[in-house]
Amino acid sequence: MKELQTVLKKRFAIEFADKNLLETAFTHTSYANEHRLLKISHNERLEFLGDAVLQLLISEYLYKKYPKKPEGDLSKLRAMIVREESLAGFARDCRFDQFIKLGKGEEKSGGRNRDTILGDAFEAFLGALLLDKDVARVKEFIYQVMIPKVEAGDFEMIKDYKTHLQELLQVNGDVDIRYQVTSETGPAHDKVFDVEVLVEGKSIGKGQGRSKKLAEQEAAKNAVEKGLGSCI
């Protein structure tokens, strides 16, 4: 944790008074279970708290930034900013992926690069920062790490990827679009779903997420970004 503390101090001028709180934020359930730690010695509770404060602060930002946008548009844009894939990207930008404590099995299965784990750790860090400092410090961190990418247009608002894909595919008439779960992995409290999107029975995109809906969105995004496949 000393290297993490150094990174936080140099890059963000953050020094935790409660070092145990910081360590908990970066402790995955797999590590806690493997080392027989107490149930509260992993980051799920902090993730719960961090998710709430993140939703609040991003909502406030969008409300002030776009005074003429309706609630529906604001909700869609917020969802794009705080979705799993986005948070995992922010975690990597902050080098958080290097400091997460994982169980041996999770480490071997590629957990350190899994968006679900990285996104959870990012939210857990926000929760820990809130408890160790205050909401103003969390806001400062978010504005330093996240908002510049929002301002740069990295989260341009489009309709959800499933709708966007459907509109692209059906421009010349109706086609059969289906989403199929190909696998479910992980424990009940932390499942990961793999989904592929099929057009007229042919796979054109694949995605992964903590819920079927998120995995479907990722599959649709994959299809859009690679040009929808040769079947179009």
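Keep in mind that glycine also has a Cβ here, set from the backbone N, Cα and C atoms.
TrEMBL entries are annotated by machine, without manual review.
The active site annotation in TrEMBL covers Asp51 (among others). Cβ neighbours within 10 Å of Asp51 (active site), excluding its own Cβ and spanning all shown chains: 19.
All protein chains included, Glu123 (active site) registers 27 other Cβ atoms within 10 Å of its own Cβ. According to its DSSP assignment, Glu123 (active site) is helical. According to TrEMBL, the feature active site maps to Glu123 (among others).
What TrEMBL records for Glu47, Asp120, Glu123 is Mg(2+) binding site. DSSP assigns Glu47 (Mg(2+) binding site) to a helix.
Look at TrEMBL and you will find 5-134 tagged as domain 'RNase III'.
For 160-229, the entry in TrEMBL reads domain 'DRBM'.
Other C-beta atoms found within 10 angstroms of the C-beta of Glu47 (Mg(2+) binding site) number 21, with every protein chain shown included.
Apart from Glu47, Asp120, Glu123, the residues listed for Mg(2+), the same chain places the Cβ atoms of Asn43, Glu44, Leu46, Phe48, Gly50, Asp51, Leu87, Gly119, Ala121, Phe122, Ala124, Gly127 within 8 Å of the centroid of those Cβ atoms. Cα spacing between Glu123 (active site) and Glu47 (Mg(2+) binding site): 5 Å, rounded to the nearest whole number. Between the C-alpha atoms of Asp120 (Mg(2+) binding site) and Asp51 (active site), the distance comes to 9 Å.
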